[in-house]
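Annotated in TrEMBL:
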DOMAIN    13-128  domain 'Response regulatory'
MOD_RES   Asp64  4-aspartylphosphate
Amino acid sequence: MSDYITEALQNRRVLIADDDTAVRKLLVKIMTKKGFDVTDAEDGKRALELYRHAAGGFDLLMTDICMPEMNGCDLIREIRRQDQCLPIIVVSGYADPDLVIEIEACNATLFEKPIDFRALYQCLDSLQSVGSN
């Protein structure tokens, strides 16, 4: 598997929210291996708390949609109230047409599970010009 992530993304801060422990751990492992500083949460409510209290903020949010406490759509809406520019990647196994429209309206990118990691890496690479918070 080729490494599409450029040095510009190294040491960027990513917040990962997913209630599926196995998926969350996999994403943490992959993003850490690619040079990201990773913070993770088991649901949207915890992710929002971490987002609000993070010194220096985050450079990227990766979230599932179906989670307890606060779902991914609500998390995205709350974050968009504070930051219209934060890159957001939605990783979900639940992608009906209405959800896709909502995700796009929130200026987020959808990756359906199982994740196509090559496409994910290309997406991350396209974020290289996004400045740090």
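Just so it is clear, glycine is given a Cβ too, placed from its N, Cα and C backbone atoms.
Around Asp64 (4-aspartylphosphate), the C-beta neighbours below 8 angstroms that are at least 6 residues distant in the chain are Ala17, Asp18, Asp19, Asp20, Val23, Gly72, Val90, Val91, Ser92. Confidence across the domain 'Response regulatory' (13-128), taken as the mean pLDDT and rounded to a whole number, stands at 91.
In three-state terms derived from DSSP, Asp64 (4-aspartylphosphate) belongs to neither a helical nor a strand segment and is classed as coil.
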